[in-house]
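Residues annotated as coiled coil in TrEMBL: 111-166. Taken from TrEMBL, the feature transmembrane segment applies to 258-280, 292-310, 322-342, 362-382, 394-412, 432-449, 470-501, 521-539.
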Amino acid sequence: MATTIISNTIPTHSLKTKHFKQPINPFSKHPLTSFTHKLNTPSTLLNSKRFKCYLKPENKTTDVVEHANDELHEGNDELHEGNDVGSEGNEEMDWKSDEEFKKFMGNPSIEAAIKLEKKRTDRKLKELDRESGSGGLIDRVIRDGLWREKQRLEKAEETFKALDLNKLKSCFGFTTFFATDVRRFGDGGIFIGNLRKPIEEVMPILEQKLSEAAGREVVLWFMEEKTNDITKQVCVVQPKSEIDLQFELTKLSTPSGYISATAIAVTTFGTVALMSGFFLKPDATFNDYLADVVPLFGGFLTILGVSEIATRVTAARYGVKLSPSFLVPSTWTGCLGVMNNYESLLPNKKALFDIPVARTASAYLTSLALAVAAFVSDGSFNGGDNALYIRPQFFYNNPLLSFIQYVIGPYADDLGNVLPNAVEGVGVPVDPLAFAGLLGMVVTTLNLLPCGRLEGGRIAQAMFGRSTAALLSLGTTFLLVIGGFSGSVLCLAWALFATFFRGGEEIPAKDEITPLGDDRYAWGFVLGLICLLTLFPNGGGTFSSSFLNGPYFRGDL
């Protein structure tokens, strides 16, 4: 049986009354990343090597827990070599009838998981005492392993305890957040009431009071729930140690994460270089290839570099930690963008909005600047000596690219002939740097789609809320699939990528009550309009006239 032990320590849904009254589904997908952590039993979580990293010096018992975790890791290896005590059928009956298991299923939490595993360990010890007669070496090894496991669980139980909601409720008042009701949620609780002051004033006061009352650090979220057209404010309280553990289990800022990001970056640079060869003349030499690759490669690096710097600076301004950035290689466009995860809590919806906007807006403006600069500098409007040859449909079948062509005018002569420099059977000569900018717009726009945890999905979640963003994500995925089966392999591939690698919801911000403001909504709608104009009706040149053929900017005329 696979269970996600701490899947509800971070609130992940739009708050509605039924969510409080019904048990949270313990098999739900982890909200932090597309990589889900399925745990076979509660002990699987507690045996994790990373678990000991977060049993840290809140009290002296944590050192004992770290040591016990190491011992148990060795003991479990020996334990699993012996015979498993008890039959499978009996254990299944115990799980179904056990009260501790029912409590865990009703409200999954680390404390419930520890108690459940402790009870199972006690039962195994009793069964071993009943069935072992000789007291041989194997029995002693199994018994020692179980005792070490029990001791470790007892120490862990001292660290991961559910918060006392009665003590916490006394911390709320008329000057901060007036709580009228409280419900258990994981090892913390949900307090329903209303704010009496701005959140930026209430948050630090309540965090200090609640931490003192709980005897350890806590984390707060302020959200809204709607019931029968009535909006209520809620404050979600969770132990900070459990949130830190959840981030630790999903973080990518590790040596292996950086190695993977580097390997994928090298692969992406290779696909960019490979893609460049598709646009050369049939009689091109290796020197011609280098002359074309360097500007195109440099253009991509410029776009990626500027957007990465803008993203990191914006995230640092809000105090948000980011994972390593992973490029998305593609033999169709060279690169399909950059993805990363949040490895700390977002302070508010403005952070959830500004960070993805910083990446997409900077990438789009840089792409536009490169394209315009290359077009203007190419006075002959024929791509120069090292032109790439692009299919003409890439330009005149797309509203935004057609507008750029109309304003700058490189692909029409004084008599109104469109694309007069096109070479029959080869394509339209385009400056490599200009094409890098145009293709950068298309790639950036793909990431602006309101789908999952793409940048556009994050923006939609900040603007419209989690429920509406989920509907937009579903609709966008459906349209991408239809586009794929209508003739665009790129649309189909992007739908699969967005669903399986960037699906789900982003982590909620600590403040989801304070509105974004009209200026951010305006920016959001502008980016949405740019996305629409760039990708439709032909997907920025990615749709072909026949089923699943190559994109317009590649192949025969």
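Glycine is treated like the rest: Cβ placed from N, Cα and C.
The stretch in closest packing with the transmembrane segment (432-449), judged by the count of Cβ pairs under 8 Å and taken from 258-280, 292-310, 322-342, is 292-310. Long-range neighbours of the transmembrane segment (322-342) within the same chain, counting only residues 6 or more positions beyond its ends whose Cβ lies under 8 Å from a Cβ of the stretch, are 32-33, 250-253, 257-258, 260-261, 264-265, 267-268, 270-272, 274-276, 296, 300, 304, 307-308, 311-312, 315, 359, 439, 442-444, 446-447, 454, 489-490, 493-494, 497, 501-502, 506-507, 542, 551, 554.
Per-residue pLDDT, averaged along the coiled coil (111-166), amounts to 71 for this model.
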